[in-house]
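Colleague: Sharing the record's features from Swiss-Prot:
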- Asp136: active site, proton acceptor (ACT_SITE)
- Val22, Gly23, Ala24, Gly25, Thr26, Tyr27, Gly28, Asp29, Val30, Lys45: ATP binding site (BINDING)
- 413-424: compositional bias 'Polar residues' (COMPBIAS)
- 425-442: compositional bias 'Low complexity' (COMPBIAS)
- 16-273: domain 'Protein kinase' (DOMAIN)
- 483-794: domain 'CNH' (DOMAIN)
- Ser328: phosphoserine (MOD_RES)
- Ser394: phosphoserine (MOD_RES)
- 294-314: region 'PEST1' (REGION)
- 344-360: region 'PEST2' (REGION)
- 405-449: region 'PEST3' (REGION)
- 409-442: region 'Disordered' (REGION)
Amino acid sequence: MALLRDVSLQDPRDRFELLQRVGAGTYGDVYKARDTVTSELAAVKIVKLDPGDDISSLQQEITILRECRHPNVVAYIGSYLRNDRLWICMEFCGGGSLQEIYHATGPLEERQIAYVCREALKGLHHLHSQGKIHRDIKGANLLLTLQGDVKLADFGVSGELTASVAKRRSFIGTPYWMAPEVAAVERKGGYNELCDVWALGITAIELGELQPPLFHLHPMRALMLMSKSSFQPPKLRDKTRWTQNFHHFLKLALTKNPKKRPTAERLLQHPFTTQHLPPALLTQLLDKASDPHLGTLSPEDSELETHDMFPDTIHSRSHHGPAERTPSEIQFHQVKFGAPRRKETDPLNEPWEEEWTLLGKEELSGSLLQSVQEALEERSLTIRPALELQELDSPDDAIGTIKRAPFLGLPHTESTSGDNAQSCSPGTLSAPPAGPGSPALLPTAWATLKQQEDRERSSCHGLPPTPKVHMGACFSKVFNGCPLQIHAAVTWVHPVTRDQFLVVGAEEGIYTLNLHELHEDTMEKLISQRCSWLYCVNNVLLSLSGKSTHIWAHDLPGLFEQRRLQHQAPLSIPTNRITQRIIPRRFALSTKIPDTKGCLQCRVVRNPYTGSTFLLAALPASLLLLQWYEPLQKFLLLKNFSSPLPSPAGMLEPLVLDGKELPQVCVGAEGPEGPGCRVLFHVLPLEAGLTPDILIPPEGIPGSAQQVIQVDRDTVLVSFERCVRIVNLQGEPTAALAPELTFDFTIETVVCLQDSVLAFWSHGMQGRSLDTNEVTQEITDETRIFRVLGAHRDIILESIPTDNPGAHSNLYILTGHQSSY
């Protein structure tokens, strides 16, 4: 590792006392510190340096900070290298970043935005006059002092323009704020300091709308759109809310052609920035940020108040004694089950389920999107489990900054139009290997990370597991007499307390039950929305809910913490309503996923070959494909297929094939009678687009499948009316397993266990061996009607009296096997 210039080798602890961690920069964590010499506060960025690390960017940051002294640039104090730790010490800005501020206050007023733009332009003009480019202007990198001064910060990806290098040719920046000439750097031949002017225009929109344009898209897709010649510069969504001066200022700053885009100096002469703008505008903003009760009212509140009249807590009725148990409850403790089989296409939710290791760069293909991917990886060189991060504050920069990447080209983008779609023959799921020149499609921020999924899972506090006991599981009652009209249920483990929770989605809202405190026997309301579907990914609860049926994403740890605080300070009005009213939508713990209004059904699937996780959403006239983006902990739109599904409310099952980045969607299957007959899958190949004229057999006719489940990379369970076929992805019977499992009742739901298939019907369940078709478990109770509420990780079962379908229900979970968590 080469020596850094202008860096002291003295011990920085002799001068600076670290007080607390306040955020994260491009390369390291940022701490609030006290300068013991001057007694003033300072910001200290600490970067761990390893042998072989490229320190050129760190040297660049130090050099730019040292040389650029300006009232609108964070002041540089000094740098120290001690014990492989580089300390970069700067001026402390007590107001925080503008991103943090608008999270607390909501959108800025127009004159406040104008003040920020004017001050930022002053700093940029100084930088540009010194031949330097910032290359990462955004709300997270604009800091405020307590006096309302605006400072440019985080020069970790900055560059210099010299006489010999008139244009930068590296792909660098944050996707949503990136100028078109940077996104298309190879075709455009480079860029200059005017890319900062574009980024400031995007930042102005961010401050007024709480997010940059295209923010609902996956960043890779946003970059592709920006690099196209047909791309049109963004505008403010609400034309009437803002003045013509603001609209015109943005029109100039967001001029697509950089040769016609004005400089920072010229924009400082625009009426938008020359109007009277006193510092009091931002000191008032800081006062507002410190008072959360001045926050804005979320327009989504009405969606969250559909069932506020239903109780916030529901208590279980007294459990029956042994003599009062139903016949099925007696059988539940006599019949043993294997653990549910983990599907390879299920997302990996917990830190111990996967061990991330960076692959070498030789495994990356030469496309621009993958150069973006490489840069995203370099943005987070150390990947830490969530348990290590939970005690730290959220980083100031929530959106990853792209830095150093090869100078590579943009691949041709496929059309998603149904007219240009290639048809896929029914009955065959072809997966030809990708050719050497085939570019990968939109890798996620972990697409070049390899999972090692065989680690021992941590224990959790909940229903007691009995690890490594074969066939030792049974159904246990967890709630007696539930009045809710439940549609779906999942289990979840709190990342801090390790308590296991049952989460149910019902007509009356979303409720939780702590399985570690069953002696309390109390369900607590989490969300006051009607909910018809639930799924949990990385501590984010997805629900299909609301008055107009949207897909919602809920921050589970945040909601639980919010509820804990409400219990400590109870209010006289429903707390779940008032809390939502004082939190801006951008910072809300429950948010709608855009463009999902009217969604009929959803599916989540992980590609085990690439690690990508997808969300399929079936709407009446379209199909949405979204992809999980780890840095933002959310699903972002990848493709919107305008062609409607043959039956939007019918079968929707994603199937993952080797060599295919995107899943294929099975919308039907049929199989002639006979265990050796081939099953014909009806699939829609998403990489080619939907095939609108595909023929789907009507539901309910003989030979029509009711359920399709991909249990591993080449094994699929296909459930028919009275049998389950076990086939490969080509529909052929598998040689290693029984080709057909037969049942003497009409199957409603099937679940795959470790060595058997468990089929549920209205009055019970029966398990059959995957190897021999022999009965392995059977429970029948004509006095109860059974329904599976959830089978992801844990099987959750509901039963109601046969003679009184409107009665309260009992809830059960299959427990006693090795914990699903």
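Our numbering is plain: 1 for the first residue shown, then up by one each step along the chain.
Any Cβ shown, glycine's included, is placed from N, Cα and C.
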Colleague: Taking DSSP as the reference, which of helix, strand or coil describes Val22 (ATP binding site)?
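Modeller: Looking at the DSSP assignment, Val22 (ATP binding site) belongs to a strand.
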Colleague: Check the DSSP secondary structure of Asp136 (active site, proton acceptor), expressed as helix, strand or coil.
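Modeller: DSSP call for Asp136 (active site, proton acceptor): coil, neither helix nor strand.
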Colleague: What does the structure give for the C-alpha distance between Val30 (ATP binding site) and the residue listed as 'active site, proton acceptor'? Integer Å is fine.
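Modeller: So the Cα of the residue listed as 'active site, proton acceptor' lies 17 Å away from that of Val30 (ATP binding site).
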Colleague: Output, ordered by sequence, the same-chain residues six or more apart from Ser328 (phosphoserine) with a CB under 8 Å from its CB, or 'none'.
Modeller: Gly764, Ile779, Thr780, Asp781, Thr783, Arg784, Phe786, Ser799
Colleague: In whole Å, how far does the CA atom of the residue listed as 'active site, proton acceptor' lie from that of Val22 (ATP binding site)?
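Modeller: That comes out at 20 Å between the alpha carbons.
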Colleague: Here the recorded positions are Val22, Asp136; which one has the lowest number of other Cβ atoms no more than 10 Å from its Cβ?
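Modeller: Counting other Cβ atoms within 10 Å of each of the recorded positions Val22, Asp136, the minimum falls on Val22.
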Colleague: Would you report the average pLDDT that the model assigns to the region 'PEST2' (344-360)?
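Modeller: Value for the region 'PEST2' (344-360), mean pLDDT as a whole number: 50.
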Colleague: In which DSSP state, out of helix, strand and coil, do we find Val30 (ATP binding site)?
Modeller: strand
Colleague: Counting across all protein chains present, how many other Cβ atoms fall within 10 Å of the Cβ of Val30 (ATP binding site)?
Modeller: 22
